[in-house]
Amino acid sequence: MDRSWGASSRSGRSIVALLIAAAFFAALWYGGRTERVERTAIMMDTSVRVVVYAGGWDAESAANAAMDSIARLESLWHPGRADSDVSRINAAAGAEPVVVAPETVELVQAALQVARESGGAFDPTIGPLAAAWGFGEGGRVPDAAELEAAWALVSWRDVHVDPEAGTVFLSRPGMQLELGAVAKGFAARLVRDQLAQAGVRAALVQLGGSIALLGDRPEGGPWRIAVQHPRDPQGYIATLSLDGGYADTAGDYQRYFEADGVRYHHILDPSTGYPARGMASVTVVAPRGELADAYATAAFVLGMEEGYRFLVERGVEGLLVSDAGEVRMTPGMAELAELTQDAGW
């Protein structure tokens, strides 16, 4: 969803988990043997929330272990840490392959998969472009020469992964991986899987706008997820009813700056080097967190018509909102989403 790893993001408001039930009903679930434990933190430059429903000490232990895992993944992928896998890959661009953790290999493979499927609308090598626009530092409009130099380094086809050797290699000097639009969704899935393996019956994992849901909502009925209105920070454009799975939103309101009366948002179009135009937000429900995350960005860049077609062809569900206020849903999303009265504008 959110490409940038810079200053703390507002993307946590993109999708807000609505845990409507009172603690009384949670206590009654499974004969009173289940407790609700919640942990929150700022990691991966966004708000992190883990809610676990399990028995007593198991809930505490599982929630703490989940937060530890997110911290570990942040240490692997944060480009601001000199010893992270991503920083080491970027530093060795054009020189040599870098041995990385298995999770990093899988993450980069997932990013390249979506790059291929989207024809490069999603590109994990936009690091030089993101740096040129300065989104991690408040934002600025780069001059033409700087933008052209950065744009020339964007090429997902020059990323080489060797799963057997456990290495990742950027073949040209100056290239930089930027995995912010896939890493949070992938982390949410890994933590959800970890909780399931620990025997947790139900859980919610949220990293910014990336949400993973495990099991049935303890209070009965589907999980209720509210999707932020792109033009109303306090409002929602829709509410999703989900029986587990993953949801993610890419929006032009999550991180942006204004210069000379023009808004420049952080979702960059790899084909132009500029912020993608035409869309306000895209919400995706998919069977894997990393796909929900990256597909939302790809569809945003592709625009309303091509983005809609892209999501339908991949068998995932989408809620697409143009910057003119047009709202469109895939057939399956129309069954999951209830639009608010002020949807569109």
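Cβ coordinates are placed from backbone N, Cα and C, and glycine is handled just like the others.
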Of the candidates A181, A183, A187, which one does TrEMBL list alongside D293, T297 as binding Mg(2+)? A181
Report the member of A181, D293, T297 (the binding-site residues) whose C-beta atom has the most other C-beta atoms within 10 angstroms. D293
